[in-house]
Amino acid sequence: MTKFFFKRLQTAPLDQEVSSLDASDYYYRIAFFLGWTPPKGALLRWIYSLWTLTTMWLGIVYLPLGLSLTYVKHFDRFTPTEFLTSLQVDINCIGNVIKSCVTYSQMWRFRRMNELISSLDKRCVTTTQRRIFHKMVARVNLIVILFLSTYLGFCFLTLFTSVFAGKAPWQLYNPLVDWRKGHWQLWIASILEYCVVSIGTMQELMSDTYAIVFISLFRCHLAILRDRIANLRQDPKLSEMEHYEQMVACIQDHRTIIQCSQIIRPILSITIFAQFMLVGIDLGLAAISILFFPNTIWTIMANVSFIVAICTESFPCCMLCEHLIEDSVHVSNALFHSNWITADRSYKSAVLYFLHRAQQPIQFTAGSIFPISVQSNIAVAKFAFTIITIVNQMNLGEKFFSDRSNGDINP
């Protein structure tokens, strides 16, 4: 059982068969748990659709609605730290609604990319190429598990820090269980909230990790393609026609990678744009909660884990997009420095065509406005400092406590 769950986290032996689909193994397992990948059987599909409706209703409808209703009905009962902790999640939930709906509705794109890019697996023939491929499969699955641990770690820390403080973690509106009536009610309401928020968090995980999974696949196959290009016309036993066929195969594989990048481009543009809009606001609220209001070591840990989770939502994807541009440049450089000088005319014509195509790097943009890069991620994160400066200059924290002490805000 342990081997079944964790075998993809270790690099497979070079003599073992590995496919591109294996790189998204854990991603699709989480998708199956959330109800996003229905089975093929008709009866099972109907039963499974009920679970899909349940998770979608809890994560996309009830979670943001429950937080908003709590502000309307029980706003006077929030402490500043509780309010900011809940508000962070509420704002993130609004972004999660957009990202999750887009990702769920575009799951067909992932299946299409898997079908296309799987045709490149048979190109991994040398030991070096298989080593690159096997390491990538293990690394991508490990990243998905690390994301899952980080996201659920935030939920876990928030749950226990709040319960030990005698409060419900997010104080979702719950007409069935009032956590203020007793110890057992507190635990029941808190566990229910934890389940709802965990589902919403995993839905956001699906929106945040698909780019890492597939861009890593693109990078891996570009690295293998670069190795194949460097070895073109190095075998004296092959004829010029066979060398030409190898060049044509490289051109076709590069075209397949470009086609996959075009498939993922629309969904990546929307989800990363939505994430960029949320990063600065969420980081600003978390920093305000830590800097301007009383906290225990546990609430600080919960806020820090939230900051880590927010940063991991966009930073790895931005970094991979930059590396993908560099990989495209490396492919064109490898082609230019390959052994084509003494080739025949048809081979040189293919080289010129391929060189023209390879010099156009694979780039992605967020909302068709700004490039997806580390620099863009840092730029939107700087908005957090703007929020902190506004709160500091207007002394909002001191005014809040002053109003409470004067009785203007009744708890």
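Cβ coordinates come from backbone N, Cα and C, glycine included.
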Membrane topology agreement for TYR173 and CYS318 per Swiss-Prot: no
Segment assigned the feature transmembrane segment in Swiss-Prot (from 3-23, 87-107, 108-128): 87-107
Region pair the transmembrane segment (186-206) / the transmembrane segment (272-292), three or more CB pairs under 8 Å: no
Cβ-based contact of the transmembrane segment (370-390) with the transmembrane segment (272-292), 3 or more pairs under 8 Å: yes
